[in-house]
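J.: A single structure is presented below for examination.
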């Protein structure tokens, strides 16, 4: 079988529900009073959208092969990401064989090194990489998890991230991760409110249900340490992404100082094997949480996972729906997965990328079998309005 070559790359943008999951209507739990790095400023404390968390929007990347097969993926990046894909990255993709994913990744990364390395450039590279894996799966008529070496488990088990872990327990999830609401700028009163909220949720879910706190880069080491010790009596399983991603020294100190048995996790906003190498070599955390749509795509996530596995560190990818599910199913050091509760009140299970994707699987009773359909097994919704702001 001769492999087709890549004929065209297209970068599209979408507003509203999609890969930029923060781009939600008013009243959604994800835009509530949640601690962020901007919470130090009172005017940006009540709503995360007030400081522009949803400004990028969704980036959709389509890659068309010479036989007419189209692979696609979605990530965060919007118009900025579309410009990077169309005006810079496309030259490294078009004309290549669909199997040459390693070469294409390498050229995209090193060609953007002088202005990239992390952030929206890596989002764009990640999106292209995921679209290439989707395309290869469709050309070969195999699911992506088969391309990665095959499943090591038949079923995935999930914890839920959202405002209502008590409801997540009723739905069959193994645990619930709460957003932290108050940061250091709100003082001791805010710290007490954080612990009171955790205590209230513990009383609702009982002693045997996992509870975790998502701190979204909003704390400093002293505050995070106090929070961890206060939460220990309430059975907190882990404390997540307390510090800015580049504060490896702070994470290393925090991990030494938290109560024995409490896990420190981070990596959602880290990228590439080199960033995660720092986290691992400096012993910053117990679990790394790369986002496959931001860290460099599946090609890079496999390298990151191998580094972690050699050190006995778990890899629990951040959200990402099907793009992480296919990966988690193939790795022993990813024993469970995250599900983002995207219903406005976190009171029901809805697809993470709804309405952008069709056929997107969701957990039932906190569990899911990863589909065996070709590629990632999802389709773009033709009723969602997309724009192509740039061409090449």
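Backbone N, Cα and C atoms are what each Cβ position is placed from, and that goes for glycine too.
Here the structure is a predicted model, which means the values were calculated and not measured.
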J.: With 48, 338 listed by Swiss-Prot as substrate-binding, which of these, 22, 28, 88, 392, is given for the same site?
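T.: Given 48, 338 bind substrate in Swiss-Prot, the matching entry from 22, 28, 88, 392 is 22.
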J.: Provide, as an integer number of angstrom, the distance between the C-alpha atoms of residue 291 (site 'Increases basicity of active site His') and residue 318 (active site, proton acceptor).
T.: 5
J.: Going along the chain, which residues six or more apart from residue 268 (Mg(2+) binding site) have their CB under 8 A from its CB?
T.: 240, 241, 289, 290, 291, 294, 318
J.: Based on DSSP, name the secondary structure state of residue 48 (substrate binding site): helix, strand or coil.
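T.: Note: residue 48 (substrate binding site) is helical by DSSP.
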J.: Within 10 Å of the Cβ of residue 214 (Mg(2+) binding site), how many other Cβ atoms can be counted across all chains shown?
T.: 23
J.: Around the Mg(2+) site recorded as 214, 240, 268, what other same-chain residues have a C-beta within 8 angstroms of the site's C-beta center?
T.: 177, 215, 216, 241, 265, 266, 289, 318
